[in-house]
Amino acid sequence: MNIDWAALGSVFGVSLVVTVALVGLFTLGVVSLTKKESARGGTAALAVTGAYACFAACAAAVGYGIFLIVS
Amino acid sequence: MEHITLLLGIVIVTALVFDFTNGFHDTANAMATTISTGALKPKVAVAMSATLNLVGAFLSVEVAKTISGGIINEQGIRVEVIFAALVGAILWNLLTWLLGLPSSSSHALFGGLIGAAVSSAGWSAVNGSTVVTKVLIPAVAAPIVAGLAAMLATRLSYVIGSRTDDRATAKGYRAGSIASAGLVSLAHGTNDAQKTMGIITLALVTGGVIAPGSNPPTWVIVSAGLAIALGTYLGGWRIIRTLGKGLTDLAPQQGFAAQTSAAAAILASSHIGFSLSTTQVCSGAVMGAGLGRKGGVVRWSTATRMFVAWGLTLPAAGLVGAGAESLTKQGTWGTITTGVLLVAGAGVIWTLSRRRPVTVDNVNDVESESAGVVTTAIAAVIPPPAGPVVTAPAPDRNSGPTAEPTSHATV
């Protein structure tokens, strides 16, 4: 019997890291967007920029996911 | 499309029926949390999933080389064996749907193939060690991988977002979970519609209609894609309810974490090459997300029933497959009898399901009876969860008067 522990380990590691990173990023984005309403001026602009940066990173990850499916 | 014998025709139709059950069995994987957290209305969710499944069916040009991935010896396999295997897989899929239990359609197909092959050619036709590496280990690993990822992600998400208003952030999480659910649907269409195309192509090759090694004809691709999309659109509401509401209660950000972990695990497994069942990944992710919230409870009675179903999938589909194969061995009348029995069995299960139908209208109602003794005891000693958890969404948001008043498909 030949169980590919290395592949299983990679699937485990990649799933864990990618999920936690993406959910973390997305949560940061969502939280920054809600902070925008309480902040003023420069802080608000910073929060919005940060939020969109987070969302862009998540969108890139989704794009890579579609690439993986198509390829 | 010439020279298609009666048997070949029956096999093609049966393969498409399996594809259809595969679709409505697995709608829940992509859309259960999206529906239960209110990210999408049920009808919109299944329509989106169906579309992406259809698109997915056309995306990949790589034809499934083997339908069983080496579990059985496919050399010289007879068309009757494929038919018997499909009968076993379809009946098990329908039975688990009746019970509202998410179980792997691929494992059901493997089980049917094993049973039919053993009945046809003896135990030497089955690769025992491949069964362990391709079915048993993934079945244990999938929920752990996706569950742990979803649990940690949920924890992190609650830590980061602890100072925000849940109502303000819910919309964002819902949007995020729609994207993740879309990825799961697309991946499903690419993988599972391919499987049916592989089966039909193999049957056509075996029947001598097309040359060995040729790509599936266009009508095979189109019909397989349509069958899985139609199944997905009808929606396996019973399983959606179990996965979305039965296992645990999910807030929007938990649904997002669960769906993202499912998408990540599915893509990682299909790309790195340790294939995990979509159903088991998604179920694990939902449970992990449920456990990740403080005070979150997984209904272990429901989860246990689901685990039992996973364990039974291979032997049960195998037994039916073996029985069907011993019938088809008898000749044409045996094959026709098997077909009649399949239709009759499906009819009985359908009739039973009408007693307590789960439809697009009551898919989000919580099943009260599913709470077992242990769950009730745990719930009694655990303080109510922090934050507004959606236990019973307002009827006007997900169903009720806004839904079409016409009769709904009640699958």
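A Cβ is built for glycine as well, from the same backbone N, Cα and C atoms used for every other residue.
As given in TrEMBL:
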- B:399-411: compositional bias 'Polar residues' (COMPBIAS)
- B:386-411: region 'Disordered' (REGION)
- B:6-24: transmembrane segment (TRANSMEM)
- B:44-61: transmembrane segment (TRANSMEM)
- B:81-101: transmembrane segment (TRANSMEM)
- B:108-126: transmembrane segment (TRANSMEM)
- B:132-153: transmembrane segment (TRANSMEM)
- B:196-213: transmembrane segment (TRANSMEM)
- B:219-240: transmembrane segment (TRANSMEM)
- B:307-327: transmembrane segment (TRANSMEM)
- B:333-352: transmembrane segment (TRANSMEM)
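Only pairs six or more apart in sequence are counted, and the transmembrane segment (B:196-213) with the transmembrane segment (B:108-126) gives fewer than three Cβ pairs under 8 Å, not enough to call it a contact. Counting Cβ pairs closer than 8 Å and at least 6 residues apart in sequence, the transmembrane segment (B:6-24) and the transmembrane segment (B:307-327) reach fewer than three and form no contact. By the count of Cβ pairs under 8 Å, the stretch nearest in packing to the transmembrane segment (B:219-240) among B:44-61, B:81-101, B:108-126, B:307-327 is B:44-61. Contact between the transmembrane segment (B:108-126) and the transmembrane segment (B:307-327) is supported by 3 or more Cβ pairs under 8 Å, counting only residues 6 or more apart in sequence.
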